[in-house]
Amino acid sequence: MSDALIATSSEAPQSPAEQYDPTRKQKSADKTARIPIKIVPAEKLKKPDWIRVKAATGSSRFYEIKDILRANNLVTVCEEASCPNIGECFGKGTATFMIMGDKCTRRCPFCDVGHGRPDPLDVNEPGNLARTIAQLKLNYVVITSVDRDDLRDGGAQHYVDCISQTRELSPATRIEVLVPDFRGRLDKALDILQACPPDVMNHNMETVPRLYKQARPGADYEHSLKLLQEFKRRNPNVPTKSGLMVGLGETDEEILEVMRDMRAHDIDMLTIGQYLAPSNHHLPVLRYVHPDTFKMFEEEAYKMGFTHAAVGAMVRSSYHADQQAHQAGFA
């Protein structure tokens, strides 16, 4: 475990003012206040010159996209997870839609999505999503979600409803899904998804197995590999995809070993990007990976047989997902 972390076996009693309020929008420290890991602020590393975020321009579609999303009661992971690429993506008229609410049942200390008791599923969401995608005239969309451990199918049927209704209104649109791990309900979820599979199936491994306890509490490395392999077995013509972050304390060799595991489990596409801490209340960045190292990861990925590898400091799993799929020959 990193020196920047202290594991806690129980949470201290909260004062009335600190009690969890499911109706209040979580911000900053609220998002990590109830995780099982205590984050002790570490010395902040200076960002290197190669970490550059593109801001939205006045002539871009940034505010238009935000207005359309709010009008249709939709959430994007771009906003909820404080993605550094939001200005560029919204500016180009693209977004990764996040379904099933903005509260996750998991408590991963690298993630800026709020944690808490989720709201009931919005039965109108699949229709709202489909109409928004049609309104934006998108050729390629990514649909992701929070973890919903409170649902018997983990939200698999809601994914299928979103996919099917989107295809009804936009039959030419390619759909990539970035799904949770469906832990405890894997077979049920895969049975449901098989009725209406996406065009690309994505589930992020996130980090190396040694760091799962501190970075992905509640998740299991082998289970995530099994999810993608089993989906591929059932849907051999649908490409599978997964992503990793670097900068959490892993070594280069550990990243390469995960990449080998991915190929051994029939994962086709890969993304690797630099972890950037959303705030001082999240896991700290323990290293900034040099562009030469990213280049090495990319070269090794193609040697291993990945059909496409998007590797670089600002790469995220859904960043330029349409271009990734096109370059891999899937879109």
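Cβ atoms here come from the backbone N, Cα and C positions, even for glycine.
For 1-33, the entry in Swiss-Prot reads region 'Disordered'.
The feature compositional bias 'Polar residues' is assigned by Swiss-Prot to 7-17.
For 21-33, the entry in Swiss-Prot reads compositional bias 'Basic and acidic residues'.
Under the heading [4Fe-4S] cluster 1 binding site, Swiss-Prot lists Cys78, Cys83, Cys89, Ser318. Classification of Ser318 ([4Fe-4S] cluster 1 binding site) by DSSP places it in coil, neither helical nor stranded.
Within the model, the domain 'Radical SAM core' (89-307) shows a mean pLDDT value of 94, rounded to a whole number. As annotated by Swiss-Prot, domain 'Radical SAM core' applies to 89-307, with the evidence given as sequence analysis.
Feature annotation from Swiss-Prot assigns [4Fe-4S] cluster 2 binding site to Cys104, Cys108, Cys111. The DSSP secondary structure for Cys111 ([4Fe-4S] cluster 2 binding site) is coil.
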Legend entry - Count of other CB atoms lying within 10 Å of the CB belonging to Cys89 ([4Fe-4S] cluster 1 binding site): 25
Inset, instruction - For Cys78 ([4Fe-4S] cluster 1 binding site), identify the closest of the binding-site residues Cys104, Cys108, Cys111, judging by Cα separation. - result: Cys111
Inset, instruction - Have a look at the binding-site residues Cys104, Cys108, Cys111 and say which one has the shortest Cα distance to Cys83 ([4Fe-4S] cluster 1 binding site). - result: Cys111
Legend entry - Cys108 ([4Fe-4S] cluster 2 binding site) to Ser318 ([4Fe-4S] cluster 1 binding site) - Cα separation in whole Å: 19
Inset, instruction - In whole Å, note down how far the CA of Ser318 ([4Fe-4S] cluster 1 binding site) lies from the CA of Cys111 ([4Fe-4S] cluster 2 binding site). - result: 15
